[in-house]
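These features come from TrEMBL:
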TRANSMEM  25-48  transmembrane segment
DOMAIN    31-451  domain 'Major facilitator superfamily (MFS) profile'
TRANSMEM  68-89  transmembrane segment
TRANSMEM  96-114  transmembrane segment
TRANSMEM  126-143  transmembrane segment
TRANSMEM  155-173  transmembrane segment
TRANSMEM  179-200  transmembrane segment
TRANSMEM  260-287  transmembrane segment
TRANSMEM  299-320  transmembrane segment
TRANSMEM  327-348  transmembrane segment
TRANSMEM  360-386  transmembrane segment
TRANSMEM  398-417  transmembrane segment
TRANSMEM  423-443  transmembrane segment
Amino acid sequence: MSTEWEGVEAKKPLLVARNNSASSIWVVVASTTIAVAGSFVFGISVGYSSPSQEGIMRDLHLSLAEYSVFGSILTIGAMLGAIVSGTVADRVGRRCAMAISDVLCILGYLLIVFSKNSVWLDLGRLSIGCGIGLLSYVVPVYISEITPKNLRGRFAAVNQFMICCGASLAYALGTCITWRTLAIVGVTPCLLQLVGLLVIPESPRWLAKIGHSGALEEALQKLRGKETDISEEAADIKDFTEQLQHLPQSKMLDLFQKDYIHAVTVGVGLMVLQQFGGVNAICFYASEIFVSAGFSSGNTGMLAMVAVQIPMTALGVLLLDKAGRRPLLMVSAAGTCLGCLLVGLSFLSKEHHWAKDLNVALALTGILIFSGSFSLGMGGIPWVIMSEIFPIHMKGSAGSLVTLVSWLGSWIVSYAFNFLLLWSSYGTFFMFATICGLTVVFVERLVPETKGRTLEEIQASMNSSLTPVSSGINRAA
């Protein structure tokens, strides 16, 4: 790939502002907004099955076992989507990958809307799963590749915030509209994103990877503003990408070579610890946990969880580029550890017939602390770091591996949780607390701080075969 500077006329930015700074920010904001519409779809899809259960089982005459297949098949579809996510995003581009995801989700929701039996219902849910499996990879990657380094963490963390908002909306609307109408609501952000993808720029780093230097500079000019001098940043991206062209295109097994093992350990390790810390056990079965701990109903606790999750996720977004990734991750993991300990003590109190009020107070406090702490960091930061640490030539295979591990862990914990509760209710949560505690150690020992560093600088520091380019590596990414 040629590294010579190819002069291009600066194109007019998508959103015209009065000054260069405003122009730059608003184009990035607009592009991120369109991208996280996919995250909103993700959230609605995950939250859809809980409020829809009673209506679907009644209208389609499904047994509990049949509905369980409907609920769980989303994760199977997400794993299928995760397997191909990196390859699709690398071959057709970030925008086109998001468009494919939207089509899969729209098809899935329409199958649900018009379903007359469990077969069409399950096919629709499977299609949605494939779509969000692809979205869970490509959205944070796209955002990280278009944003300046001083804003990258904050913008990438909006991904988790919109997932949280989507799930909360599905839960709230599901209490007052039918399951078919709720499925139509799920189509709306997909259509909005499809339209928006026509006007936002493609990732400059992906354009560099496929050798389109002119398109890279045009996209970067739109993102940074009409009057901004992008020469050094464009040169950095092209020079670093040229280094990668001399390395073999990575396959899944190549990820475990010495050069890449640090990045893979961090990416996979964070996803394993995120899932096996018990998040899906608490999210999927929170109502059951509240009842088991002594509540008369799980509704109060569920509403309290929603009230905590959204503001804590928003706080995490605001703090990410100020406090840094590592401090927030360690505080978040320590908080989830405390939350699981309190829930475990609640079940231990119930088993030993201690005061009932103590059971209820410990369960409610523990789950709220866990939910708030997870929303602060462990929910979104692993995805942010995943999008930052892998070089462009290995991002496809590495991203597919990390996303697959995340969804596989989600399925394992969701499937095994009820069996674990039968084994030992308090022991299950003490086990989750131990994993959350180990997360603090893992982050402290292995996870690099990526705040304020360019993607090229981060990736070179984790890969001994790469060196940062010198022309402008300290400029905004």
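Each residue, glycine too, has its Cβ placed from N, Cα and C.
TrEMBL labels come from automatic prediction, so no person has curated them.
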Positions whose Cβ lies under 8 angstroms from the transmembrane segment (25-48), at least six residues beyond its ends: 13-15, 17, 74, 98, 101-102, 105, 128-129, 131-132, 135-136, 138-139, 142-143, 146-148, 151, 155, 158-171, 174, 182-183, 185-186, 189-190, 192-193, 196-197, 200-201, 222-223, 225
Whether the transmembrane segment (96-114) meets the transmembrane segment (179-200): three or more C-beta pairs under 8 angstroms: yes
Remote residues contacting the transmembrane segment (299-320) - C-beta distance under 8 A, at least 6 residues beyond either end: 153-154, 156-158, 160-161, 164-165, 168, 171-172, 286-287, 289-290, 328, 332, 363-364, 367-368, 371-373, 375-377, 379-381, 384, 451
Averaged pLDDT, computed only over the residues in the domain 'Major facilitator superfamily (MFS) profile' (31-451): 87
Top partner of the transmembrane segment (327-348) among 126-143, 155-173, 260-287, 360-386 - counted as Cβ pairs under 8 Å: 360-386
Positions on the same chain near the transmembrane segment (260-287), where near means CB under 8 A and six or more residues out: 50, 250, 254, 297-299, 301-302, 305, 333, 336, 340, 343, 367, 370-371, 374, 378-379, 381-382, 385-386, 389-390, 394, 398, 401-402, 405-406, 409-410, 412-414, 417-418, 420, 428-429, 432, 435-436, 438-439, 442, 446-448, 459, 462-463
